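What TrEMBL says about this protein:
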type     : residues : note
DOMAIN   : 1-444    : domain 'Major facilitator superfamily (MFS) profile'
TRANSMEM : 44-65    : transmembrane segment
TRANSMEM : 72-88    : transmembrane segment
TRANSMEM : 94-118   : transmembrane segment
TRANSMEM : 130-148  : transmembrane segment
TRANSMEM : 154-175  : transmembrane segment
TRANSMEM : 254-276  : transmembrane segment
TRANSMEM : 291-311  : transmembrane segment
TRANSMEM : 318-341  : transmembrane segment
TRANSMEM : 353-376  : transmembrane segment
TRANSMEM : 388-409  : transmembrane segment
TRANSMEM : 421-440  : transmembrane segment
Amino acid sequence: MIMSAVVAHVNSISVGMCQGFSAVLLPQLLDSSSSILVNNVEASWIASLGVVSNPLGALMSGVFMQTLGRRMTVQLTAVPFLIGWTVIGLSTDVTYLCLGRFVSGVAIGMSSACYVYVAEVSLAKHRGVLSAFGPIFVSIGVLFVYSLGAIMPWQIVSILCVLTSFLSFLTVNLIPESPSWLASKGRVTDAGKALMWLRRKPSVADKELAEILNTLSVNGDGGGGGGGGEGAERTAAAGPRLRDFLAPAVWKPFLILVCFFVLQEASGVYVILYYAVNFFQVAGSTLDNNLASIMVALLRLIMSITGSICIQHLNRRTMAITSAVLMAVSMAACGTYQLMYSALDVDDRPFSWVPLVCILFNVSVSMLGMVPLPWMMIGEMFPLNVRGIMGGLVPSLGYFFIFITVKVSPGLMSALETDQIMWLFAAAAAVAACFCFAFLPETRGKSLHQVEQLFNSPPANGTGYPEKRFRPKESAVYSIS
């Protein structure tokens with residue numbers, strides 16, 4: 001199980017490399033000694049094309065997950081990474097650089113399949129920490145590419161990134177397909193074999209297979225009694241229907257996650273990550289740009305690891321609310337400082353280290369909840385029969401919001417004073433904390449079927465399951481043997 005999660009998230013290293021590569025590439029391209037000379041407009045396109053194609057990749061992954069399988073989609077994600085990095089490394093003009101960035105951006109969007117796969121192969125008690133491998137590996141990728149970019153030409157860095165993608169493509173062959181997806185396609189025997197590979201204990205694997213088949217029966221039967229696994233196989237293999245997407249177990253988590261992503265972007269987490277150097281300069285820092293970038297990447301990695309430890313012991317809601325509240329406090333403190341002392345020169349300001357500490361603190365606490373949790377919860381909150389499609393649609397919207405935020409940020413920073421931007425971020429983080437308190441469900445320690453039941457209408461029959469739904473028999477046994 002751990003091996004499957006690690007292998008799936010090797011793609012996340014490539015995601016981090018792509019997200020951090022523009023910070024390595026653009027300074028070298030804008031240097032007068034560069035073999036490819038670009039102006040500021042072309043540099044902006046090179047950077048943004050790595051983001052604008054993310055929603056397309058996420059939508060593609062949704063279709064692929066539903067039709068080809070979760071594992072196959074994870075493996076296919078490495079292909080555009082391979083192509084994109086190769087094109088970038090061999091580029092001789094701006095056109096090829098833009099093409100390579102666009103293709104690698106598609107791969108970033110497709111990588112959302114990793115979270116769905118990991119959620120489905122993990123036990124409920126380990127799902128949080130294994131899903132948290134994603135942000136850790138992304139942070140490793142960012143740190144890796146920043147560090148290499150400080151000492152190597154961008155062409156060499158891109159070729160080394162190709163090797164990571166190739167490693168991801170090969171290692172996926174070592175892990176099984178998602179048992180849930182196999183069962184949904186009627187391949188119950190293959191699902192049992194996959195569960196035995198993952199769990200190693202026949203009793204645990206039998207119990208989980210029975211739960212998967214019962215879940216399919218509940219989703220697929222609609223109103224009747226249902227015949228255990230057979231009805232589930234017939235219904236699920238036909239694919240999701242329109243009415244499946246109108247069920248409360250689908251539209252409720254959809255709205256919650258979309259709102260979560262909107263508030264995530266409004267709170268400035270990605271603006272600060274993408275424009276860290278600019279914020280350091282505003283704060284009066286004299287650090288070298290490369291050193292500042294590496295410091296932020298290292299901080300992200302440390303806090304990602306810290307977050308993975310916390311998520312094993314703390315509730316999701318607690319982490320999200322705490323993260324949002326601390327982000328609001330840090331941005332409010334920074335905004336207050338800027339309001340009070342922005343008229344003074346940096347050297348004349350008292351406690352000139354305060355803005356820098358606030359920004360670093362904001363980055364740190366964002367990695368404990370507001371940054372990773374929306375992505376991690378995509379694989380947890382949707383029913384099996386639509387999990388593939390929704391696992392592509394929701395990330396596509398998340399990536400679209402990131403693109404809009406990153407694109408409008410330079411204009412926002414020109415139109416508003418620094419303290420106003422900080423207060424805007426603080427207000428959004430405070431709203432996010434209230435939203436999480438009011439609407440975010442708790443998924444820690446719950447099976448995926450139990451999470452699904454959180455969104456169904458309250459039962460009126462006292463059974464613990466919604467009315468007009470098939471209730472799985474406690475005595476039902478599905479033996480892998």
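Glycine is no exception: its Cβ is also placed from the backbone N, Cα and C atoms.
When Cβ distances are compared across the two stretches, the transmembrane segment (130-148) makes contact with the transmembrane segment (353-376), since 3 or more pairs at least 6 residues apart fall below 8 angstroms.
Only sequence-distant pairs (6 or more apart) were considered; of these, at least three Cβ pairs between the transmembrane segment (318-341) and the transmembrane segment (254-276) are under 8 A, so the stretches are in contact. Averaged across the domain 'Major facilitator superfamily (MFS) profile' (1-444), pLDDT in this predicted model comes to 86.
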